[in-house]
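J.: Input: one structure, supplied below.
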Amino acid sequence: MAWNSSVAAKWLLVVPASVATGYVFSMLHVPAAWILGAIFVSATMAIVSGTELPIHKEVFNLGRGFIGILAGLPLATANPALLARYVLPGLMVTFVTLAIGIVGGMVLARAQPLISQETGILSMLAGGASVMPVLAQDLGADFRYVALSQYLRLVAVSMSLPLVAHMIAPTGLDHVVTPRGDQPWWALALVCVIAVVGHRLAAVLRIPVPSILGPLLLIVAASAVLPHVDFTPPMVVRIFAFLCIGWMCGGGLSVAALKFFARQVPATMIFIVVLLGGCALTAWPLAATMGVDYFDAYLATSPGGLETVLALASEGGAGPIVVAVQIIRLLCVLLLAGWLPQLIRLLRRG
């Protein structure tokens, strides 16, 4: 749909309503509050009006550039020595999680001819829920279905985590606070430049999924050169990025798309239960081999809800294994998603 006065008028309603809804959701501690708020409002507008609500291309490019930066920050701030220590157990946990996601996605695609293998796998991969719809769009998958499946998983995991963690958390541990570096004005300017040019530079260099990996690699490089500078975007920028992802997902929804997704909810919920169970089981050998308690291992293997995981880890005094394993898995998920077409071709030949 072309950008015209009618579309602009809709956005005059959608933008403030999305901000208000996202704020209410965040006050209610809803996981991915701003993304879900934007999905709800933009989807309502698209369904009520009977036409898709397109987001302006340049606005969306900027928003997903910031998403790539946010995805790269945990990698940029991680201690390399710490990651090296946990790389083998992290890869083992990641292998189990990714195997469940790939098998689940392939089974879903085979059972539902209208769902492509790319769509099935991306909807089932655990980790990077805010990144997956962007990757799906770049890879030609159904980003609407991927988004709905990913946020259903995220809500289920984030709601169950505090309940389980409360039952298994050790007592008597201190609250852990990670110090932040300085953030001069030019750091924010550099972040904005990376968000604008990152995907263009990555496209020139033929890096897979340039919209995400371009800004991600640039922010990691900037942090390596300037390790004492805080490149975390301010809250308003993060909210803008989350809203853009929500608008992309919700603006393309229709009654037919929602009915199609509703028919897949039982299968999706079964997958979520299998994923949670599989990750919980991998926590036992992880705890035994690394000499940590089950609380740390369970949080380290949790399939998504990274912000919730890190908050619970800080509150419960969990060790560095939580951050290390989660970051290793996030990196593997992004790499796998970036090379997904090649992987699917390999599986088809096999």
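Placement of Cβ uses the backbone N, Cα and C atoms for every residue, glycine included.
Below are the features I grabbed from TrEMBL:
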TRANSMEM  7-26  transmembrane segment
TRANSMEM  32-50  transmembrane segment
TRANSMEM  62-82  transmembrane segment
TRANSMEM  88-109  transmembrane segment
TRANSMEM  151-173  transmembrane segment
TRANSMEM  185-205  transmembrane segment
TRANSMEM  212-229  transmembrane segment
TRANSMEM  235-258  transmembrane segment
TRANSMEM  265-287  transmembrane segment
TRANSMEM  318-340  transmembrane segment
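For each listed feature, how buried is it and what is near it?
T.: Nonlocal intrachain contacts for the transmembrane segment (7-26), taken as residues 6+ away from its ends with a CB within less than 8 angstroms of a stretch CB, comprise 1, 33-38, 40-42, 45, 49, 53-54, 239, 242-243, 246-247.
Below 8 angstroms of C-beta separation, residues 10, 13-14, 17-26, 129-130, 147, 151, 154-155, 158, 239, 242-247, 249-255, 258 of the same chain, each at least six residues beyond the ends of the transmembrane segment (32-50), sit close to that stretch.
Taking Cβ pairs closer than 8 Å, the transmembrane segment (62-82) reaches residues 128, 130-131, 134, 191, 194-196, 198-199, 211-220, 222-224, 231-233, 237-238, 240-241, 243-245, 306, 320, 323-324, 326-327, 330-331, 334 in its own chain, all 6 or more past its ends.
Using a Cβ-Cβ cut-off under 8 Å and counting only residues 6 or more beyond its ends in the same chain, the transmembrane segment (212-229) has close neighbours at 64-69, 71-73, 75-77, 131, 134-135, 138, 181-184, 187, 190-191, 194-195, 198-203, 334, 338.
Same-chain residues lying 6 or more positions outside the transmembrane segment (235-258) and placing a CB less than 8 Å from one of its CB atoms are 14-15, 18-19, 22, 32, 34-47, 52-55, 59-60, 62-64, 66-67, 70, 130, 133-134, 137, 143-145, 147-148, 188, 191.
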J.: Please give the sequence-distant neighbours of the transmembrane segment (318-340): residues at least 6 beyond its ends with Cβ less than 8 Å from one of its Cβ atoms.
T.: 71, 74-75, 78-79, 82-83, 85-87, 89-91, 93-94, 97-98, 118, 121-122, 125-128, 131-132, 135, 139, 176, 207-209, 212-213, 216, 286, 290, 292, 295-297, 299-302, 306, 309-310, 312
